[in-house]
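Student: Have a look at this one.
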């Protein structure tokens, strides 16, 4: 008789032999990979990632970025420093993600924890995008409010998938990098499609028409809330909600005080905050007809689409070659190359590329692809690290808190970049000091190398938190179901 362990090993070997090899793997490998994730984590998890990351954030985010750039420049006619600050304002809903996480974790509506929040996020996107697209002369203040509401809709939908990623990273630690790769690849693929068509649509129907198209991803998120299979809890004890909020707050504070948590959190914030964002200044220069290359709307979209290709390459490179490298060693080289890649922008603005006979378009395309690839390589190990810092029981809320820390860093970067552009007097028509802003940004990008000691050096496939934080006090020793659906990620309050 064959022993059970040997029998399972033989079955695994047979399955591996049946998988496509060589050139066929290039085509069928991703399908087998998605099938593996669907079997291990449940198909609804994969569906949620594709819907939220791929369609709403990827494709919709690409259309929104290009549409907002031209909306602020051509419709609202603001200065680049102001546009940089306004882009930070519209990102505020992503900073308060822990609030959305707490609501979806502990405050069900009519017995459902997830479906009502998907519906709410879809409605926010629908109403806000319709308001901007249909109003002929919308005041800047109301336009910012609508853009912020639309951003809130995407952020609320994002929290649920983030929670699933965090919990699945704990229950399947060996698949943590694969799940982050799925998120990154779907987002980058959606962004590639979105950027490819964004410039054409801005040219054909204008930036306000593009906002009208953004009602489609919002409607998809709304439909997810309608069809999502989720158990109903009709007897939920709403009187215990405040106690649950207090318990979650204490658990998050206790976790944050742990050195294994606050040290990498501090690094993540500082690494984003000091890398000043001056993209608005570069965008205005790209489209300037006198000092810049005067790129058309279609060209801008194509440039950003090549950046999405770079992001996809970065995700593939991380998944296949870098995911098993220690966090600290990997981030050292990524941060170093991130600072050096910024020098391509400096060469472009100083017109060094023309002295070597390289056209502006080709040089910008190369720079955008390299920058986005390195940015993705930097982002993915930080996502894996964040998922491993989440304690059991408040996975969704704590992962949202960690993402909000990153977003506060991005907001600081955006506002700091706007201040830098203002101080150097970079305006809609004056770009004399843009090269200096780029040089300062590139130098600051290298500064996080001095605080890498805050990041753990350990194996990314192993747990980082102390053992006592990986098990909830309310959990029993019973086995958890293997299939994790898009359902509640915390213990039922009334089920004790």
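Including glycine, each Cβ sits where the backbone N, Cα and C put it.
Quick caveat, the model's predicted, so the values are computed rather than measured.
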Student: Quick check on the annotations: TrEMBL lists transmembrane segment for one of 356-375, 376-395, 416-435. Which range is it?
Tutor: 356-375
Student: Which range is it, out of 43-64, 65-86, that shows up in TrEMBL as transmembrane segment?
Tutor: 43-64
Student: Would you please say which range out of 299-318, 439-458, 459-478 has the annotation transmembrane segment in TrEMBL?
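Tutor: Residues 299-318 are the ones TrEMBL records as transmembrane segment.
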Student: Please tell me whether the transmembrane segment (330-350) and the transmembrane segment (266-287) touch - that is, whether there are at least 3 C-beta pairs under 8 Å between them, with each pair 6 or more apart in sequence.
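Tutor: Contact between the transmembrane segment (266-287) and the transmembrane segment (330-350): present, because at least 3 Cβ pairs are under 8 Å.
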Student: Counting only residues 6 or more past its boundaries, what in the same chain has a CB within less than 8 Å of a CB in the transmembrane segment (182-204)?
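Tutor: Sequence-distant neighbours of the transmembrane segment (182-204): 34, 37, 46, 49-50, 53-55, 57-63, 65-67, 70, 161, 165, 210, 213, 296-302, 304-305, 307-309, 311-312, 314-316, 318-319, 376, 379-380, 383.
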Student: Would you kindly list the residues that approach the transmembrane segment (396-415) from elsewhere in its chain, counting only those six or more residues past its ends and only Cβ-Cβ distances under 8 Å?
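Tutor: Same-chain contacts beyond the flanks: 84-85, 87-88, 91-92, 94-98, 100-102, 104-105, 159-160, 162-167, 248, 251-252, 255, 265, 268-277, 382, 386-387, 389-390, 489-490.
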Student: By a Cβ-Cβ criterion of under 8 Å, what residues six or more beyond either terminus of the transmembrane segment (117-134) are in contact with it?
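Tutor: For the transmembrane segment (117-134), the sequence-distant neighbours (Cβ-Cβ under 8 Å, at least 6 residues beyond its ends) are 71, 100, 103-104, 109, 142-143, 146-147, 149-150, 152-157, 159-160, 208-209, 211-212, 214-215, 217-226, 228.
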Student: Which stretch, 140-161, 210-229, 299-318, tops the Cβ pairs under 8 Å count with the transmembrane segment (43-64)?
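Tutor: Between the stretches 140-161, 210-229, 299-318, 210-229 has the largest tally.
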